[in-house]
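Enquirer: The repeat 'HEAT' annotation in TrEMBL covers 106-143, 145-183. As annotated by TrEMBL, region 'Disordered' applies to 606-661, 679-701, 713-765. Residues annotated as compositional bias 'Basic and acidic residues' in TrEMBL: 606-630. Per TrEMBL, the feature compositional bias 'Low complexity' maps to 644-655, 719-740. Residues or ranges marked as compositional bias 'Polar residues' by TrEMBL: 686-697. Taken from TrEMBL, the feature compositional bias 'Basic residues' applies to 756-765.
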Amino acid sequence: MQLTAAVSFLTILQEESVSIHTYAHAFLQVILLHLEHRDAGVSNAWLETLLSVIEVLPKETLRHEILNPLVSKAQLSQTVQSRLVSCKILGKLTNKFDAHAIKREILPLVKSLCQDVEYEVRSCMCRQLENIAQGIGTELTKSVVLPELIELSRDESSSVRLAAFETLVNLLDVFDADDRSQTILPLVKSFCEKSFKADESILISLSFHLGKLCHGLYGIFTPDQHLRFLEFYKKLCTLGLQQENGHNENQIPPQILEQEKKYISVRKNCAYNFPAMIVFVDPKNFHMELYSTFFCLCHDPEVPVRYTIAICFYEVSKLLNSGVYLIHKELITLLQDESLEVLDALIDHLPEILELMSTGGESSVQENKLSSLPDLIPALTAAEQRAAASLKWRTHEKLLQKYACLPHIISSDQIYYRFLQRMFTIMMTNNVLPVQKAASRTLCVFLRYNRKQEQRHEVIQKLIEQLGQGKSYWNRLRFLDTCEFIIEIFSKSFFCKYFFLPAIELTHDPVANVRMKLCCLLPKVKSTLKIPADKHLLQQLEMCVRKLLCQEKDKDVLAIVKRTVLELDRMEMSMDAFQKKFYEKDLLDQEKEREELLLMEMEQLEKEKQQNDGRPMSDKTFEKKRRDTKTPTTLPKNIPISVPGPSGTSTPSTSKEVKKSKLIRSQSFNNQAFHAKYGNLDKCPSKSSTAGYTPSVSGLGKTSVISLTDDSFRTRNASSTPTSFSPSPSLPSTSRTGSSVDPKSSGSKDTQPRKATLKSRKSNP
């Protein structure tokens, strides 16, 4: 009841249920009354409430209700518990009064409690000196607080000495260089020398604060002192390892086991401070001074130590910068660690680490990225298999999400042969939905940056046949998830060309859950259409929705269909020409489409080079091409942006004209193409502005056209697509047609074979 009351009083304060004046009048005395409750847990709960109340009470109330009674509560005649409570209240009150009032009314009580006969009180008051120093300013801190800390650092009790040491470390920024070199440095030096002879708990605290200590005293060390502190740190990093002799834990005395646990904590704290020690020795001296220590921490026999160094690995990589190649082997070691906790800690920043690894090293050219990491791919695949074999599916999911960075680290062929098929297997066989979705999204990223038309078509065909037309309804649901990722990551034209019809075919699926999920996806599907080029696809969509409205028997699906129809009706149609209010979204889509065309253009150029020289284009050349084609992500809105290629519907008829067209497109790409990094894919809008839905066959909906330029904005012209990107006959292509084609003739001509396809696939759900 007491604990609940304390929490309730605190909640009333935090939610401002009553005014501060009313709160002080009604609740403050009750809180003060229970501060000395005989149960320590109850007393601490009320104390926490009081400390929060002090933050908002006016000065006069604090002075009369809390500070004045505190003078008697802090006397030696009071209980130890009362004096401990007084210490914590004094530490809080210093932030509420000016320096003059603190010096006159609070500091005498502080000095008295620092000289208390009980070591618990001296230790508690010592830990409050940091708060008091912040309230009284630098001058009073040097004249009042520092002498008290020096005296407490020589106390007979180890807990008091430890409190004084930690407070000194936290106050290093307050003192000037003279105080640090003449007063604090000798104290710290003496404390470190005596630490090995004292209790191991002092070593734990010392190892935890060593990084902050070396940073605060940096610049006042002599070369000999600098070397001595570095050697002290190295000794702590291996503390307890020399004593291992392979005995069974059951044969080791309990006190030795307890000591080893403390040694593990010391080494863990050393791993935590490792980035600070790199700064201490200068990254240029890492290999000579700290590499062997880093190697020991990465190979430490205890998981908590390796876990901590894995967390710090990214910081270490950033500090080493061009010297990051020195820790390549340690990255592989941690990726192959037997503990999944270590792997989980490492992969939080795996994309950034791999980016540094691929661009850093002795030289920054990217052609060295694979030769410098020969064991990376086996380590990554082994890590994924270990995560998949465990019950820790969240680690597996996170790892698959981080694999989306691989297109910028390793070659497209390596991804295709070593990772892409594995993503398919996970999507088809894994039983954990978040893992399947992570694999699906990463597969879409791999497909986005794949450089070979044949491989792209094979992946698309597998997605459609094994997922979209799979026998298991679970696979068909995953196909719809994949469609959602395709819409997010790829351009609108890509989705319409390959996935639009296979997706809406699922309106005939025999399983209600599949139809229900498709209905929820239909607004995003429709957002990929542009009028008038995609009028025939819009008609297909309307026909499917109309059939669902008329023929659906499942009441839950029918309810979602009706809700979806209303949502579709409210949507505005996106046009071939840019619209002012959708400018940014249309520009983003054009960026995606340009990079897709660039990938195909590079493939075509590579094939021509192979025919001429017999040598494939190197990764370096391709990456340089992609970098050269970058443009700023924000462009002036009055500058017309057009997709390169002829504006007419005719295609070059001779080989000379073909080469000329390719050259024009290549030059245009060099000037205008965009490159979207994998990290920006998460920022892609999930919904685009689209056409309104009406149940009519023509169904153009609300079409408000604001043309900023001429027909050069029409990016879906059939003739602007290179012949190398034309789909194979086995793929359900739904290429956009030019706006000059008659809608009726294009619809009747294109929809006949698609209807046949629908019927054939409908018979085999």
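Just so you know, glycine gets a Cβ as well, placed from its N, Cα and C.
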Enquirer: Tell me the residue counts in helix, strand and coil for the repeat 'HEAT' (145-183), as DSSP assigns them.
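Expert: Computed counts for the repeat 'HEAT' (145-183) are 28 helix, 0 strand, 11 coil.
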Enquirer: Determine the mean pLDDT over the repeat 'HEAT' (145-183), rounding to the nearest whole number.
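Expert: A mean pLDDT of 89 is what the predicted model shows over the repeat 'HEAT' (145-183).
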Enquirer: In the same chain, who gets a Cβ under 8 Å from the repeat 'HEAT' (145-183) while lying at least 6 residues past its ends?
Expert: 110-111, 114, 119-120, 122-123, 126-127, 129-130, 132-133, 136, 138, 191, 198-199, 201-202, 205-206, 209, 212-213, 216-217, 219-220
Enquirer: Which sequence-distant residues neighbour the repeat 'HEAT' (106-143)? Criterion: at least 6 residues beyond either end, Cβ under 8 Å.
Expert: 67, 70-71, 74, 76, 80, 83-84, 86-88, 90-95, 97, 99, 149, 151-152, 155-157, 159-160, 162-164, 166-167, 170-171, 174-175, 179
Enquirer: Going by DSSP, how much of the repeat 'HEAT' (106-143) is helix, how much is strand and how much is coil, in residues?
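Expert: Here the numbers are 34 helix, 0 strand, 4 coil.
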